[in-house]
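Before any comments, here is the structure.
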């Protein structure tokens, strides 16, 4: 994300900028300390103003205060750092060579405040580190001692148990003998034996009871302490996982930025610059300035890359930073829009248009933009990637059955964006395309192309750096039934994972728009989906229950069962397609009682359900923006470099988004008539060349092929688009707008 910040000129003294701000209070031990400092970046940009935060023994910095929530530029652990004062305003923090911050305060007083805060934080960090190590050793010694005591108690209990068994048996024999004797001289002797044995049994039993009490008391005492220690360890593990996740995100961001970096002109590596201090140890792998990011030659950029990267990138970094001084310019992540113009309130006599459409194929009937939303069907198809993280997680799964759960959740998630979307997307023109390049932000990019007009068919190809490929070809068939509109997607969706080579395929369910003529429009999804792993034979059967006023089930309910190739159930999925999905592992299954239809139901005994997907909240004001999601709001945003056939360049759609619906309707009619004219010309050419096909149109970026794994025939991306975009060469694209 690019944040615009006013750059500091070299002629402006940093002191004048910072001193104008209110002075922070003198730091006290344990406090979080924040403020602006000037940090040396490199010999191109010199000192740059950065926001520093000192907390929990860690000194971190950011370009702006706004970055604190998402992008940390670097962190030093003060427990292992050296703090040195250079002059009245400058000081240096280093952890032994890997990271070195050359910092400048606005004044000597301000520098002293920071030095005091840093020294206090360092002392506390060292103390906590030593205390943690000591407590860890003491805790280990204490645990060993407690375990020895408990073991001794267990041995006492075993001994008491043996004695109770022995004396109990003897007592029982004596009682039996006592019952069999007659009154006489032996009676007194037998009673004496019974009394002795009963006494021994009582003594042993009391010893057993006391030993049990001691053991229970000791176990209860240490149980609380161990539970507390376990909770502490769990919390530390959670914090560590969160820290690693944040560092991994930063690492991925920097890695993608490095791969997409543009090398500056060789003049910047002039040896003369080095003779003036260009290779001084003062520079370090710094953050970016307002427009560019530069890396200095001598310092290791480890302050940024805190998670080990692929060795090939280490070798590449080494090559760049030892051969010559070549700064890199890194393109900032684009700031995407968060609003579009509000939907105008246009009145339209719906019945006058729809009464002649009953039972007909709507794709062949010209419809005004009043029914539409300002997106094309290609853009709606790209919205399936709203929850791409599910496929990212699936790519990491070791188990194909667990991976199936994430793929199934992904298929359900694609319907969540439709719950309030009653507007019809624009029918794409033949040859129309749409690219969605989110490589820098999300690690994937996709391309759609309208490959057929009648029947309308769109091909989609998406590929991710996380190791998955998604491809689909969708043909929409729709019928107006009077009260409702049915939309039946035909075609197949496939997902292939690079590492496991698991190849999944599935189809979409039917979408129904209710209350077309009277009442408030509402949308329902119904039908069944079979997600199949063609490599392993695993299968997930998903059922989308149609909404019914008389049903006691929750609306928009989805259920599913994941089975292996032998039909054995391993996971159960449940939830709704508009809110969330959960999955739980099956421990046992059995046949239950017959259902209402006379079919025998299967009962699954499962572990506690876990949430696998939840819908993202809609942006503020979505009800006035066609109920678009945050992703949908960005899809029609103007973007440089896209193909001339891209949906963003479609004039009628652009006019509608701007609220100029009358002009949009006129432009829509012009484009449709232009398309019909081109089609008739193509058919005439086919007749002249004696072609066996009435329409010999060939898609530009996709080609029809038979998939050897699934056995299905679909349009597959053949390559060339992103190379053409890089060159800016679009000569092959047809003139469709």
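Just so you know, glycine gets a Cβ as well, placed from its N, Cα and C.
Bear in mind that TrEMBL entries carry predicted annotations, made automatically and left uncurated.
Marked as domain 'PH' by TrEMBL: 30-123.
Mean pLDDT of the predicted structure over the coiled coil (223-257): 71. Feature annotation from TrEMBL assigns coiled coil to 223-257.
According to TrEMBL, the region 'Disordered' annotation covers 268-292 (among others).
Sequence annotations record features per position, and here TrEMBL assigns compositional bias 'Basic and acidic residues' to 665-687.
The region 'Disordered' annotation in TrEMBL covers 665-690 (among others). Here the region 'Disordered' (665-690) has long-range neighbours at 366, 368-370, 426, 429-430, 453, 650-652, 655, 696-697, 736-737, meaning same-chain residues at least 6 beyond its ends whose C-beta is under 8 angstroms from one of its own.
Residue counts for the region 'Disordered' (665-690) by DSSP state, with H, G and I taken as helix and E and B as strand, are 24 helix, 0 strand, 2 coil.
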